[in-house]
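The FMN phosphoryl threonine annotation in Swiss-Prot covers Thr185. Residues annotated as transmembrane segment in Swiss-Prot, with sequence analysis given as evidence: 18-38.
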Amino acid sequence: METKEKVQIDWKVVFKLGLILFVISAVAACALALTNYVTAGTIEEMNVQTNTVARQEVLPKAADFEAVPAKDVEKIASEIGMEKPEELLEVYIGKSNGEVVGYTVKTGPTSGYAGEVQVLTGISADGVITGITIIKSNETPGLGAKASGVWNDQFTGKSAKEELVVVKGTTKEGSNEIQAITGSTITSKAVTSGVNMSIQVYQNLSK
């Protein structure tokens, strides 16, 4: 009758392999942490530059932008009766040679056809919309994504003294109407809703 040979475990080898794996994992973790540390500042700087460019696009006359403190943004959201205060993301005061020339307001997420839509709106100190841009959108390409470019341009020059209304078909000249994107009324209303929030913020700041 054959006897089974006992298997001897060399604990020194096991410990050595475990130590090697630990060292490899530690080195990889340190390398990842170092990479994140090195790139974090660059990424943050790029985000700041991107947002500054976007503000200048919607409020061209501004040379400098001053952020309204978060606590004041929360107060504004409360004063204008926002059901979801968190949708008022940021408010900036645009200045040129020390004088206030207008405001930029970022709102979102308003509900579009396929998800959230964030809108940045520029409004001059005398109450005229100077431009809008869509900062973030999950809309379906070719449908909701049409809410850009030429369509955005119809907001420019509209009065910020009253809220805008989305209509199907041709708009009346000099009115507060916004022509809906064909086949994408939901997205049109989502973007316009964001702009209307910005109008309310402007009216609060200009009292």
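Placed from the backbone N, Cα and C atoms, the Cβ positions cover glycine too.
Counting only same-chain residues at least 6 apart in sequence, those with a Cβ under 8 Å from the Cβ of the residue listed as 'FMN phosphoryl threonine' are Val166, Lys168. Taken residue by residue with DSSP, Thr185 (FMN phosphoryl threonine) is part of a helix.
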